[in-house]
Amino acid sequence: MKGITKTPIHVVWSWVRRQPPKVKAFLAVVTGMAALVLLRFIVHDHDNLFVAAEAVHSIGICVLIYKLMKEKTCAGLSLKSQELTAIFLAVRLYCSFVMEYDIHTILDLATLGTTLWVIYMIRFNLKASYMEDKDNFALYYVLVPCAVLAVFIHPSTSHNILNRISWALCVYLEAVSVLPQLRVMQNTKIVEPFTAHYVFALGVARFLSCAHWVLQVVDTRGRLLVALGYGLWPSMVLISEIVQTFILADFCYYYVKSVFGGQLVLRLPSGVV
């Protein structure tokens, strides 16, 4: 009986799986940097990365809608994460209308509409399947710190102070909006395919958004940070993008591992947030 021929991807992936955690972390950083370099050369207008990030987020929402309509269950989904997403999108829409109306405003409006529909389905139509006991992340853990941070660290532009604080608030909330969803998955330890696809789409969207800001800073040699204002705000924008990328990096690793392993259901080990 002939042995099964492994593809180069499976050979490399098997080698990576055998490496200690520190080596895996180093490889992840190197891969991320290589991806940034590649994006810099193949995407000439880096604003397209931001549009792509919002498009991927929308795809993730569409996956959720398909799950809710096809399977008639919201098991494994975090209502609180959807509510945080709706809050930061609503605040960002307000800022877009009063500060800079563009294509992002239309994309945000569409994403907010679908997110509100998901919230409605979880709260009413599919309430019986909602895992409220697993969705136990206290929202004030993120709402209060983000609000306080926005009051003290916000853009130093010529806009109204309320608008500037609102802008900062939506940036900070977006960075942590996925935490309740990760808590649900941590509590259940088993993630069904549609939820896993949705969270992975969020991870890809976060990476593209982070790449947009990092490459913009590199290409302008830091002038973009100066254009954003003075004080801590420019750094906080970049830090927020990096934080939300790393929050999802661990899950994305296990997602890719599960896909290459041919597993339809993703099983998370203890400690994965």
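Backbone N, Cα and C define each Cβ position, glycine as well.
Just so you know, TrEMBL annotations never went through curation; they're auto-generated.
Predicted, not measured: the structure shown is a model, and the values here were computed from it.
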Which is it, of 83-104, 105-126, that TrEMBL names as transmembrane segment?
105-126
Using a threshold of three or more Cβ pairs below 8 Å, and leaving out pairs closer than 6 in sequence, do the transmembrane segment (235-256) and the transmembrane segment (49-69) count as in contact?
no
